[in-house]
Amino acid sequence: MANKPSPGELKNGLSEMQFYVTQHHGTEPPFTGRLLHNKKNGVYHCLVCDAPLFNSQTKYDSGCGWPSFYEPVSDEAIRYLTDNSHGMQRIEIRCGNCDAHLGHVFPDGPQPTGERYCVNSASLSFTDEQNGEQIKG
(Lines of atoms letter the chains of each structure in order from A and count residues from 1; the text may use other names and numbers.)
(Lines give C-alpha, C1' and ligand atoms only; values in the text may rest on other atoms or scores of the structure.)
Protein backbone atom coordinates (compact mmCIF):
# COMPACT_ATOMS: atom_id res chain seq x y z
CA MET A 1 0.00 0.00 0.00
CA ALA A 2 1.20 3.50 -0.79
CA ASN A 3 2.35 6.14 1.68
CA LYS A 4 2.41 3.92 4.76
CA PRO A 5 5.05 4.93 7.31
CA SER A 6 7.38 2.27 8.71
CA PRO A 7 6.30 0.39 11.86
CA GLY A 8 8.85 2.37 13.89
CA GLU A 9 7.56 5.69 12.58
CA LEU A 10 4.00 4.63 13.35
CA LYS A 11 4.87 3.50 16.88
CA ASN A 12 6.54 6.86 17.58
CA GLY A 13 3.93 9.03 15.85
CA LEU A 14 0.70 7.52 17.17
CA SER A 15 -0.78 7.18 20.64
CA GLU A 16 -1.07 3.68 22.06
CA MET A 17 -4.80 3.59 21.20
CA GLN A 18 -4.27 4.97 17.68
CA PHE A 19 -1.60 2.34 17.01
CA TYR A 20 -3.76 -0.46 18.44
CA VAL A 21 -6.79 0.53 16.36
CA THR A 22 -5.07 1.24 13.03
CA GLN A 23 -2.40 -1.47 13.07
CA HIS A 24 -3.94 -4.29 15.15
CA HIS A 25 -7.59 -4.00 14.05
CA GLY A 26 -8.57 -2.77 17.48
CA THR A 27 -11.69 -0.98 18.63
CA GLU A 28 -11.78 1.99 20.96
CA PRO A 29 -14.39 1.86 23.75
CA PRO A 30 -17.77 3.25 22.61
CA PHE A 31 -18.63 6.88 23.38
CA THR A 32 -14.97 7.76 24.12
CA GLY A 33 -13.68 8.97 20.74
CA ARG A 34 -12.63 12.58 20.38
CA LEU A 35 -14.45 13.00 17.04
CA LEU A 36 -17.73 11.33 18.00
CA HIS A 37 -19.55 14.59 18.73
CA ASN A 38 -17.71 16.79 16.22
CA LYS A 39 -20.30 18.87 14.31
CA LYS A 40 -17.95 21.09 12.29
CA ASN A 41 -17.90 21.12 8.49
CA GLY A 42 -14.86 19.59 6.85
CA VAL A 43 -13.22 16.35 5.84
CA TYR A 44 -12.26 13.28 7.87
CA HIS A 45 -8.90 11.81 6.86
CA CYS A 46 -6.95 8.65 7.61
CA LEU A 47 -4.82 9.37 10.68
CA VAL A 48 -1.93 7.29 9.30
CA CYS A 49 -1.56 8.65 5.74
CA ASP A 50 -3.89 11.69 5.62
CA ALA A 51 -5.96 10.32 2.70
CA PRO A 52 -9.47 11.85 2.61
CA LEU A 53 -12.13 9.33 3.69
CA PHE A 54 -15.44 10.99 4.62
CA ASN A 55 -17.11 14.39 4.23
CA SER A 56 -18.78 15.85 7.31
CA GLN A 57 -22.06 16.14 5.35
CA THR A 58 -22.31 12.31 5.42
CA LYS A 59 -21.78 12.04 9.20
CA TYR A 60 -24.78 11.30 11.40
CA ASP A 61 -25.55 10.21 14.97
CA SER A 62 -26.31 6.50 14.82
CA GLY A 63 -26.26 6.13 18.60
CA CYS A 64 -23.69 3.32 18.38
CA GLY A 65 -20.87 5.17 20.17
CA TRP A 66 -18.54 5.69 17.20
CA PRO A 67 -18.53 8.29 14.42
CA SER A 68 -20.90 7.08 11.69
CA PHE A 69 -21.08 8.04 8.03
CA TYR A 70 -23.36 6.89 5.22
CA GLU A 71 -20.77 7.02 2.41
CA PRO A 72 -17.05 7.60 1.77
CA VAL A 73 -15.65 10.42 -0.36
CA SER A 74 -14.95 7.98 -3.21
CA ASP A 75 -15.05 4.28 -4.06
CA GLU A 76 -11.25 4.15 -3.83
CA ALA A 77 -11.10 5.70 -0.36
CA ILE A 78 -12.13 2.50 1.42
CA ARG A 79 -10.99 -1.12 1.16
CA TYR A 80 -13.48 -3.82 2.24
CA LEU A 81 -12.61 -7.18 3.82
CA THR A 82 -14.68 -10.01 5.27
CA ASP A 83 -14.27 -10.17 9.06
CA ASN A 84 -15.46 -13.32 10.85
CA SER A 85 -13.78 -12.52 14.18
CA HIS A 86 -15.49 -12.61 17.58
CA GLY A 87 -18.17 -15.03 16.31
CA MET A 88 -19.67 -12.39 14.00
CA GLN A 89 -19.84 -11.87 10.25
CA ARG A 90 -18.95 -8.27 9.41
CA ILE A 91 -17.32 -6.20 6.71
CA GLU A 92 -14.12 -4.53 7.90
CA ILE A 93 -13.21 -1.18 6.38
CA ARG A 94 -9.63 -0.07 5.88
CA CYS A 95 -8.00 2.97 4.32
CA GLY A 96 -7.77 2.39 0.57
CA ASN A 97 -4.40 4.14 0.51
CA CYS A 98 -2.40 2.73 3.45
CA ASP A 99 -4.53 -0.21 4.68
CA ALA A 100 -5.03 1.19 8.22
CA HIS A 101 -7.97 -0.37 10.05
CA LEU A 102 -10.88 2.08 10.35
CA GLY A 103 -13.86 0.07 11.60
CA HIS A 104 -16.76 -1.76 9.95
CA VAL A 105 -19.67 -1.07 7.60
CA PHE A 106 -23.20 -2.30 8.31
CA PRO A 107 -26.38 -2.36 6.16
CA ASP A 108 -28.48 -0.44 8.70
CA GLY A 109 -27.71 3.18 7.82
CA PRO A 110 -29.89 6.00 6.52
CA GLN A 111 -30.73 6.81 2.93
CA PRO A 112 -29.45 7.47 0.36
CA THR A 113 -27.08 4.48 0.80
CA GLY A 114 -28.58 2.46 3.65
CA GLU A 115 -25.05 1.92 4.98
CA ARG A 116 -23.46 2.79 8.32
CA TYR A 117 -19.70 3.22 8.22
CA CYS A 118 -18.87 2.80 11.91
CA VAL A 119 -15.39 4.31 12.34
CA ASN A 120 -13.02 4.54 15.29
CA SER A 121 -12.14 8.16 16.12
CA ALA A 122 -8.61 6.90 16.82
CA SER A 123 -8.19 6.09 13.11
CA LEU A 124 -9.24 9.56 11.91
CA SER A 125 -8.13 13.15 11.75
CA PHE A 126 -10.50 15.98 10.89
CA THR A 127 -9.73 19.14 8.93
CA ASP A 128 -12.09 22.06 9.58
CA GLU A 129 -13.08 23.64 6.24
CA GLN A 130 -13.50 27.08 7.82
CA ASN A 131 -10.11 27.57 9.49
CA GLY A 132 -8.01 24.58 8.39
CA GLU A 133 -7.58 23.39 11.98
CA GLN A 134 -6.76 19.69 12.21
CA ILE A 135 -8.06 17.55 15.07
CA LYS A 136 -6.64 14.06 15.62
CA GLY A 137 -8.97 11.39 16.95
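Using N, Cα and C of the backbone, Cβ positions are placed for all residues, glycine too.
Per Swiss-Prot, the feature active site, nucleophile maps to Cys118. Residues or ranges marked as Zn(2+) binding site by Swiss-Prot on the basis of sequence analysis: Cys46, Cys49, Cys95, Cys98. Annotation comment: Swiss-Prot describes 7-129 as domain 'MsrB', evidence class sequence analysis.
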Taking only the CA atoms, the spacing between Cys118 (active site, nucleophile) and Cys95 (Zn(2+) binding site), expressed in whole angstrom, is 13
According to DSSP, does Cys49 (Zn(2+) binding site) sit in a helix, a strand, or coil?
coil
Through the lens of DSSP with three states only, how would you label Cys95 (Zn(2+) binding site)?
strand
